[in-house]
Each structure stands twice: as structure tokens, then as C-alpha cells.
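Read through the structure below, which is laid out as C-alpha cells, and then see the notes.
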Amino acid sequence: MKLDKLTSKLNEAIYNAQASAEKLGNPEISEEHILKEVLSQPDGLVPLLISKLNLSPKSFLESTENALGKQPKVGGNTSADVGFSRSAVSLLKAADEVRKELKDEYLSTDHILLGLMKNGTGSLKTEFLKLGLEYHKLLKITLENRKGKTIMDDSPEGKTDALAKYAKNLNELAKQGKLDPVIGRDEEIRRTIQVLSRRTKNNPVLIGEPGVGKTAIVEGLANKIVQGEVPEGIKNKTLYTLDLGSMIAGAKYRGEFEDRLKALLDEVKSSDGEVILFIDEIHTLVGAGATEGALDASNMLKPMLARGELRCIGATTLKEYQKYIEKDAALERRFQPVYVKEPSVEETVTILRGLKGRYELHHGIRILDSALIAAATLSNRYISDRFLPDKAVDLIDEASSKMRIEIDSMPEELDRANKRIQSLKIEREALKKEQDTASKERLKTLERDLSEQEQNFQTLKARWDLEKSKIGRLKQIKEEIEKYKNLEAEAERRGEINRVAEIRYGKLVDLQKELESANEELKKQESASRLLKEEVSEEDIANIVSRWTGIPVSKMLQGERAKLLLMEDVLKTKVIGQDHALRLVSEAVQRSRAGIADPNRPIGTFLFLGPTGVGKTETAKALAEFLFDDVNAMTRIDMSEYMEAHSVARLIGAPPGYVGYDEGGQLTEAVRRRPYSLILFDEIEKANPEVFNIFLQILDEGRLTDGKGRNVDFKNTVIILTSNIGSEILGSSEYTSEEKERLVEQRLKKHFKPEFLNRIDEVILFHSITDSVIHKIADIQLEGLRQKAKENGLDVSFTNELKDYVSKAGFDAEYGARPLKRLIQREVGNALSRYILDGKFTNGQNVTVDYRQGKVVVVV
């Protein structure tokens, strides 16, 4: 007997057997050591064969370990002289005899077990016979497993039963009810069946955007095959999905991956068309396993695909199909494309209705139909970079998950009561140490209060536990219904009519009644007194959308409505003297939040015109602060940086092949990260005219395609463009208001193209600041300075004389409010800073800033 032709698994087992003998202190490697290692190989042949005989590999392993425990042991270092025992040599000889009979080249682990059961003489064979293992049955299952092949190399394990190892049986999953129902994809499933039924090139490839339901179509086909709702051509066929990850994992040596793939393909081929192979992300096969001089996986598939020996369904996205499969013309012609389009909102609602039961069962909650409609419509409108129905299903799943967590967590009311009790207990312990009368009186009052609070807490807790148990019971009944529906479908497939009738008209009817009564019981509790909510509503979906995108799509609360109605007044406190401009901006935002604006355009597009320093940029800042509670929550793009025609690439991202392609554009990336935002394009007349072309689609369609070809959604942005065009006309006192408007309009038409001006919602003229409003502006600027001083521990007030002085000295009709800001900064700011630096003040001190004898002074 030669020991040079052992399979890698048997080599590994013998090596481990030697290590095991040394560890246990046994003087020799016995047949028990070898069999223990052979039986404990998780992906070995022996456990697989025993399982196929409907026996437990675990019981055989335990029996072997018991026999090992009775082996003699020696003390000291045994590693030097551990050799094979007589029983081990006999076992290997018996295995070699079996190998010769089966005409195998290599000695494998299955030969070891066959050799033991055929020619073994020890107690282990007797034990195995008691456990039900017989030689002729073992030989029969071994030959069946090999499918007429002999062992010609050292890794047969990777090639036997390759389908079971490297693919998942979708038919089995469908029978067990583990696949989600597939709704509204009949046309695509029919087209797939049509291609599969061809004589040659019967390989459909499903092409569609990520998340449109390509894999779901194959799962739908598996369901239809199991239910027998398919043409004769593919009736009783078995659908397997290839697990490329497990095929590549552990393929250490060159050619091992190809061996495994070849074995799997041969198994599919030998099934005579009974197996249909589904390869998800089929583009991963192109280049898989292609090391130096080796074929890649796709080239191994080509001959079988062309001859019709392999029926295969592929699935990939359009981008990857173009990148990998279209490049390889020979591979492309062997596949027949089936395009899977994104479903409409109405179709998505139908799909969600079909899936609703599964999600209700998993999370143990109820999903209202209005929530399904909201998930489809809101995801379509606000989540633009993903596809239906995937994004709508995700919304339902996350809202349900949030609801489940809330049911399992302590309700807010109960949590508050618990914290109050803890606080009172701490106070009680502190009062017990006090001896005065007031403390003793307070302790008595506190004891009564604590007793009431604890009683209230126990009542609330009992209510919570009761509601939880009722919701839990609902989940339990639904699980029972699902289980019996699967049993009914299985019985129907087997033709057990009596069993079907027993389940359908007996058990399911009873469970349905039980479910209705449990629902009624839960509804009896007043909704106002309920601690737990177990229904996912439209509002819950809207909250999840808001959390994902930052866009406020949930129903407006009373406080927000009042805030929006007062929007104009709030803005007037920040920007003085531009009431007309503020009214137009407020109206646009109110229209959008009330839901009556055009949903396919930005919230509002405004062109602010006027001389410098009149409040154009300040209005944008005030609006950002009002909408987002943060003055910095706006994307400001200074158009003076875009004077060259090529600088448009900085806004939308460099095209492929240029430096900076991966970085994206300043504008598009800002909006992708924050879809609900304010974008300020400052001083647009300074930009190159070419740059305005990108504004056309933003202002009209509310979208822009960036350098990577992605659509960026501007529908939830407020766009403000500022310009100084015609500022000398608006600042002049020579013209009337009507003349100013007409002259500025003429200037605009000269500078901007008609298609650009036509897309702007409102052109808002900011008029020069008059001396009547300069006092109010001075008040705002001084208040800002007062706040800064307060942060440094100084409480400042300003006299009317000072206010009169800065208003007169800082007013300049030509330059607006900026000279006033500079004057306050220079004179009042300097006076305060000198006072602080002199160290004359104490923290929290009150000082007054006055104007006396032509000087700004600080008075304590």
C-alpha cells in the first residue's frame, strides 16, 4: 500500500490523528484516532454520506470518542515514537482494497469508512452497526453521490455534491415559505420563462437599476415552479442560486476554484436540464479566478451556454452589464436581455400590499394602508438617488422596526414616573439625616407623595404589561396562521385533500376568529389611555423620510403652522426696510410647506437686485436661520470665482479623465448631502456667461446632472441669486419707483439671456436705505455688539445720544448699511475693547456707552 496518493482531506485527518494521539498520551495512532478526525471534518465526505443515510454524524463521533477514552495512556514525551497501531494499518489496507475495487486513483476519507464496514474486525465496527450503518447501504449512497465519477485527484470533496455546497435551492426555500411573495412582475416572469424554454441560448439576463426587483423576479419564478403555475417546459425544474462567495472561499491553490466551478457545471449538465442556475451579480464571473494563464469563470461558462447544456438566469445592473458583459461580445450573445423597469408609484403600492403581511409578522405590529401609500409617494418624491420598490420597502421596514423598539422600551410616561420616584427616594434618604422640625414635616409629606407616585407607577406598569402581552399574543396568532398556510400549501402539492380541508376550514378559521377577537380586545382600550401604539401610520413614514433626508415632510404641528404664518414678521426683525422683498420670499416658502407649490421645481427662485449694503445677503442669512435654525445652514457660492468658462466643472464636478473626477462638484455634492437647503449665488453678474447654462435645468426642472452622470435633486432647495446690476439706478433719487423698475429690467435683459430670466420666480428690487430706517438698523447692530460683550461678562447698555450719533454719522445712501456697521465696530467696539483690556471691570458689571463732547465714552 502506497501512502503517497492520499486526498488532501485524508492527509489532514492522519496528521490531526497523530497530533490527537500525542495530546491524549496514547502510544499509537489507532483506527479510532483516524475515524474521529474523519468524522469531525465539517465539510468532509464522511459526515455528508452518513447524513444522506438519515443517520446522525454526531452519534458516530460520540461513539468513536468513547472508544478513544478506553485507549491505554503513557506518561512522558510520546511525540518521538507515535506510530500506526496494527488496527490503523489494517484499516488503511482495507480502505485501499475498496479504492482498487472502485477504480480510484487516490485514497479518500470515504474509503476509510467503507473499509471499516467491509473488513473491520474491532469493536468500533460493532458500535457503528448498532447505530444503523451497513456496508451495502453506505456503498450505494457513495456511488450515488459520485454520479459515476472516480477520484482522480487529491481534492474530490470540493467536487462531490457541488450544487449542495456552492448553491442554494430556491425551490426548497419556496416550499418552506421563506421567499417573499412577488407581486406585479408577471410580464417579466413570463418573458424569463419564454427565454428559458428556447432550445439553445436559453439564458435570460435580468437587467435593471439596483433595487427594482431583479432577484425578486427569480424568487417569483421559484414560487411559480413550486405551485405548478408554469408551462410544461420548466415544470418540476429545480432553481438553484449560485453562491460565488463560498465557491471562492478557501480555494487556496491555483486551479482549485476552476475545479469547483467545473464540478458544479458538470453536475448541472448531468441533470439533463432539470436544474436552472441563477447567478446574481453575473458580472462578477467576468475575471473571477483569472490568474496568470488560467481561464476566468465566464470563459468556462461560454461553451455550455452556447450548446444549451446549461440553463442559466443572470442578474446585473445596466452599468455593470455595459462595463463587463457588453465588452465580451462572445459572452453577450449567449445571453438574452430581459429589461426590468422601475415600477410606478401605483405598482409599488400593490407590491407593498403583497409584502405587508410579512413585515407585520416579523415586527409584530400592524401597518395601515395609508402608510403603504405614503411610503411609495414620499420615497418617489424625496429619495431621488434610489429606486422603487426598494426604497419604499426600506421605509416600511424602518418605520416598523422603530415601532417595535418603542413597544419593547419603557414608555415615556412610565419612564418619567420612575425617574420621579428615584428622585424622591434620594431626597427621603437625605431628609432622614436631618433633625429639625421643618425637615421632619417635609419627610412626612414626601413619604405620602412617594407612596402615591409608586402606586401610580405600578398602575401604569400593569397597563403597559397588559398592552405588551396583548400585542405579543397578536404576533403569536399571526405566526400560527403563517405556519398553517405553509402546511396547507405543502399538503395541496402532495395531493392530501383531507389535510387541506382540515387546515383550511378548521384550524385557519379558528385562528382567524382568535385574531379578530384579540384585535377587538386591543381596540376596546381607549386610544387616549393607550401607552403603546402598534399601528404604523402615514405620519411614522413621513418622520423616517425626514430623518433620512432632512426634508420636513411630516404633517405640520400647530407650533410650526403658527411659525410659518409669522414668517414675514420674524424676518422683518432681522432685515429692515425691505418689506416687499420679505413678503415675496415668505409667500414662496409658505406655498411650499402647505403643499400647493409645483413639486417639480425648487421651493423658490429669487433674483435679488439692489445697491450694495441694503440687505440682500442678510435676507438670505435670515431665511436660512428661520428655516434651519442655523445661520450657516446655507451653501454660499461666490460667483466672482467663476469668471472662466471651464470653471463650471467646479460646480458640477470634473468630467471623466480630468483631475478631480472623484471629488464631485461644490454645488452638486452640497445638495446631495443636504437636499433641503438654501443656496446663495452671490454677485452672479461677475460669473462667465457660460456658467448660466447650468442654471437653466436647475431653475426649470429642479435637477442637475453632475460630472459622474448622477441626477441631483434641487426640488427642496431655495435658490437666491444676488446681483448689483442697476444698483446706481436703484440708489438714485432722480427716478420714480416705476422708472427704476423699467430701467433695471432693460439692464437685466442686456446682461442675461431671456431663457434664464424667464425661469426665475421673482425679481426682487431692494431699494436704497433711507434715514427713516437707519435707527432700527443701528439698534440691531448695537444689539449684536451687546451680546458679544455679555459673553465676556460685561453688561452693556447704549444711550439715545449714542444711537443718534451712529445713525447720522454712519448713514450713506450710496453704500447702504455697511458704513454704519464699520462705524459701530470702529468707535463703539474700540471704546469697549479698551475698557475690557484696561482691566477696570468686574465680571457681570453694568456699563453704559454714551456719546459726549464729540467722543464715544464708557460710563460705569
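From the backbone N, Cα and C atoms, a Cβ is placed for every residue, glycine too.
As given in Swiss-Prot:
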type	residues	note
BINDING	Gly208, Glu209, Pro210, Gly211, Val212, Gly213, Lys214, Thr215	ATP 1 binding site
BINDING	Gly610, Pro611, Thr612, Gly613, Val614, Gly615, Lys616, Thr617	ATP 2 binding site
REGION	6-71	region 'Repeat 1'
REGION	161-342	region 'NBD1'
REGION	560-768	region 'NBD2'
REGION	769-860	region 'C-terminal'
Segment confidence, the region 'NBD2' (560-768), expressed as mean pLDDT: 79
Rounded distance in angstrom between the Cα atoms of Gly615 (ATP 2 binding site) and Glu209 (ATP 1 binding site): 47
Alpha-carbon distance [Thr617 (ATP 2 binding site); Glu209 (ATP 1 binding site)] in Å: 42
DSSP three-state assignment (helix, strand or coil) for Lys214 (ATP 1 binding site): helix
Number of helical, extended and coil residues in the region 'Repeat 1' (6-71), per DSSP: 47 helix, 3 strand, 16 coil
Site of maximum Cβ density within 10 Å, from binding-site residues Lys214, Lys616: Lys616
Whole-number Å value for how far Lys214 (ATP 1 binding site) lies from Gly610 (ATP 2 binding site) (Cα to Cα): 55
Surrounding CB atoms that lie within 10 Å of the CB of Val614 (ATP 2 binding site), all protein chains: 28
Env. residues of ATP 1 site, Cβ within 8 Å of mean position of Gly208, Glu209, Pro210, Gly211, Val212, Gly213, Lys214, Thr215 Cβ: Ala216, Thr317, Val340, Glu342, Phe387, Asp390
DSSP-assigned states of the region 'C-terminal' (769-860) in counts, ordered helix, strand, coil: 48 helix, 20 strand, 24 coil
Nonlocal residues around Thr215 (ATP 1 binding site), in sequence order (Cβ under 8 Å, 6 or more apart): Asp280, Ala315
Where Val614 (ATP 2 binding site) sits in the secondary structure, as DSSP reduces it to three classes: coil
Cα proximity to Val212 (ATP 1 binding site), best match among binding-site residues Pro611, Thr612, Gly613, Lys616: Lys616
Fewest other Cβ within 10 angstroms of its own Cβ, chosen from the binding-site residues Pro210, Gly213, Gly613, Gly615: Pro210
Integer Å distance between the CA atoms belonging to Thr617 (ATP 2 binding site) and Gly208 (ATP 1 binding site): 45
